[in-house]
Amino acid sequence: MGAAARSLRLALGLLLLATLPRPADACSCSPVHPQQAFCNADVVIRAKAVSVKEVDSGNDIYGNPIKRIQYEIKQIKMFKGPDKDIEFIYTAPSSAVCGVSLDIGGKKEYLIAGKAEGNGKMHITLCDFIVPWDTLSSTQKKSLNHRYQMGCECKITRCPMIPCYISSPDECLWMDWVTEKSINGHQAKFFACIKRSDGSCAWYRGAAPPKQEFLDIEDP
């Protein structure tokens, strides 16, 4: 093989390596409004993690053991979920595969949304809504009790750039990224998308229950 051919093969090999996904890129999530996270989750709780360990969780198709991280938690309040308290939370062992890291020791409280596994267990990923409790606004905390649930039939559409539009009356346009370059902006912190009596949806601000006039069509 000539030098030119060897150089070409080397260049092609390097190009292939450069285009392969890196482990850190393996977990990719689309931003969601807190209300969407609430509505999409099976379980939403306020809790502390008290201990952690790695456990086997069955085998893959090749017979190799599947490892997961198990957090033993102390549930403080359940906003959505089964009648039984959640005792254990499971997640993947690495952030590269969307695993979540929680502080243990029982001091830091979290709002945790995820998928139910039954028997007091749930599973979480980096794509779920998991944030320290003390970072939530007072409106977000109060909306967990009832407000977000009122809008689960509505659709929140994120606007990544101007122009953007809604395609149906049951949508609310989420503008935080355009107006504040953040997914944790004003609409995320202080607004919920609520269905009105005619089936349309609109942003509602505040911690107080929506007025009947708002539900019966009133500009927010």
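Quick reminder: no glycine exception, Cβ is built from N, Cα and C everywhere.
According to Swiss-Prot:
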{"type": "SIGNAL", "residues": "1-26", "note": "signal peptide"}
{"type": "DISULFID", "residues": "Cys27-Cys98", "note": "disulfide bond"}
{"type": "REGION", "residues": "27-30", "note": "region 'Involved in metalloproteinase-binding'"}
{"type": "DOMAIN", "residues": "27-152", "note": "domain 'NTR'"}
{"type": "BINDING", "residues": "Cys27", "note": "Zn(2+) binding site"}
{"type": "DISULFID", "residues": "Cys29-Cys127", "note": "disulfide bond"}
{"type": "DISULFID", "residues": "Cys39-Cys152", "note": "disulfide bond"}
{"type": "SITE", "residues": "Asn40", "note": "site 'Involved in metalloproteinase-binding'"}
{"type": "SITE", "residues": "Ile61", "note": "site 'Involved in metalloproteinase-binding'"}
{"type": "SITE", "residues": "Lys67", "note": "site 'Involved in metalloproteinase-binding'"}
{"type": "DISULFID", "residues": "Cys154-Cys201", "note": "disulfide bond"}
{"type": "DISULFID", "residues": "Cys159-Cys164", "note": "disulfide bond"}
{"type": "DISULFID", "residues": "Cys172-Cys193", "note": "disulfide bond"}
Just checking: which of Cys29, Asn40, Cys164, Cys193 have a Cα that is within 10 Å of the Cα of Cys154 (disulfide bond), counting only these recorded positions?
Cys193
So which disulfide-bonded residues out of Cys27, Cys98, Cys164 end up within 10 angstroms of Cys127 (disulfide bond), measuring C-alpha to C-alpha?
Cys27, Cys98
Let me spell it out: for each of the disulfide-bonded residues (Cys127, Cys172), count the other Cβ atoms within 10 Å of that residue's Cβ, using every protein chain shown. Which one has the most?
Cys172
Translate the DSSP assignment of Cys39 (disulfide bond) into the three-state scheme.
helix
Looking at the disulfide-bonded residues Cys29, Cys39, Cys154, Cys159, Cys201, which one has the fewest other Cβ atoms within 10 Å of its own Cβ?
Cys29
Nonlocal residues around Asn40 (site 'Involved in metalloproteinase-binding'), in sequence order (Cβ under 8 Å, 6 or more apart):
Val32, Ala113
For Cys193 (disulfide bond), name the DSSP secondary structure in the helix/strand/coil scheme.
strand
Using C-alpha positions only, work out which of the recorded positions Cys29, Cys39, Ile61, Lys67 is nearest to Cys172 (disulfide bond).
Cys39
To the nearest whole angstrom, state the Cα distance for the pair Ile61 (site 'Involved in metalloproteinase-binding') and Lys67 (site 'Involved in metalloproteinase-binding').
14
Quick check for the class: what is the C-alpha distance, in angstrom and rounded, between Cys27 (disulfide bond) and Cys39 (disulfide bond)?
22
